[in-house]
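Student: This is the structure, below, for whatever I ask next.
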Amino acid sequence: MLKLQVSGKAILSTVRCRRQARMSTSSSFVFGPYKIDPREVFYATPLSYAMVNLRPLLPGHVLVCPRRLVPRFTDLTADETSDLWLTAQKVGSRIETFHNATSLTLAIQDGPQAGQSVPHVHIHVLPRKGGDFEKNDEIYDAIDEKEKELKEKLDLDKDRVDRSIEEMADEASQYRSLFDC
């Protein structure tokens with residue numbers, strides 16, 4: 001809890017922290033045509049949210065998305081664009097520290113020809129360490145490959161099979177603690 005000299009501000013800060021904590025577990029989230037279980041979401045603002053990845057490439061590989069279903073980056077409002085990147089910055093900083101990484105890769109695939117498999121803007125946030133890929137830029141090939149697999153394997157009528165909801169909820173819970181006020 002942030003303690004401020006003016007008691008009214010301290011109360012307001014506490015209310016905001018509690019509201020933010022409830023937001024990720026009581027709100028509904030979509031990722032393109034898919035409903036996202038709120039337990040997969042570990043951070044949310046009124047305009048953006050961060051969730052664990054169904055098929056992470058590296059430990060800590062998460063996604064940051066606008067709350068509004070927006071297929072392409074250019075379709076975001078100025079406020080959404082700003083909030084999305086500020087959220088990615090905050091999430092990336094804490095995830096990088098949590099995983100004892102030394103760098104971050106932030107990537108957007110904007111449109112199907114760019115490798116976007118889910119028609120919803122999302123930023124891949126990947127904490128990086130020396131030697132995680134033989135050549136640093138191989139990460140982009142790996143993201144492309146995972147996106148292709150995701151497009152082929154995800155079917156709205158079938159269960160998601162790569163990671164269980166329990167695994168993803170546990171990971172999100174760990175990350176959620178990084179944002180406690």
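Just so you know, glycine gets a Cβ as well, placed from its N, Cα and C.
Unlike curated entries, TrEMBL annotations are predicted automatically.
Straight from TrEMBL, here's the annotation block:
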DOMAIN    28-135  domain 'HIT'
BINDING   ASN53, GLN109, GLY115, GLN116, SER117, VAL118, HIS124  substrate binding site
MOTIF     120-124  motif 'Histidine triad motif'
ACT_SITE  HIS122  active site, tele-AMP-histidine intermediate
COILED    136-171  coiled coil
SITE      TYR140  site 'Important for induction of apoptosis'
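Help me understand the surroundings of these features in the structure.
Tutor: Cβ contacts within 10 Å of GLY115 (substrate binding site), excluding its own Cβ and spanning all protein chains shown: 18.
Within its own chain, the motif 'Histidine triad motif' (120-124) is flanked in space by residues 30-32, 53, 61-66, 69-73, 75-76, 84-85, 88, 105-108, 110, 143, which lie at least six positions past its ends and keep a Cβ under 8 Å from the stretch.
Within the same chain, residues at least 6 positions away in sequence whose Cβ sits under 8 Å from that of HIS122 (active site, tele-AMP-histidine intermediate) are PHE31, LEU63, VAL64, CYS65, ILE108.
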Student: Using only the Cα atoms of ASN53, GLN109, GLY115, GLN116, SER117, VAL118, HIS124, which the record gives as binding substrate, return the largest interatomic distance in Å, rounded to a whole number.
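Tutor: Greatest Cα-Cα span of the listed binding residues: 16 Å.
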Student: Within 10 Å of each Cβ, count the other Cβ atoms and name the one among the binding-site residues GLN116, SER117 with the highest count.
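Tutor: Output for this query is GLN116.
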Student: Would you count the other CB atoms within 10 A of the CB of HIS124 (substrate binding site), including those on all shown protein chains?
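Tutor: A count of 22.
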Student: Under 8 Å Cβ to Cβ from TYR140 (site 'Important for induction of apoptosis'), same chain, six or more residues apart: give me those in sequence order, or none if nothing qualifies.
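Tutor: When sequence neighbours closer than 6 are ignored, TYR140 (site 'Important for induction of apoptosis') has ALA107 within Cβ distance under 8 Å.
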Student: What are the helix, strand and coil residue counts for the motif 'Histidine triad motif' (120-124) according to DSSP?
Tutor: 0 helix, 2 strand, 3 coil
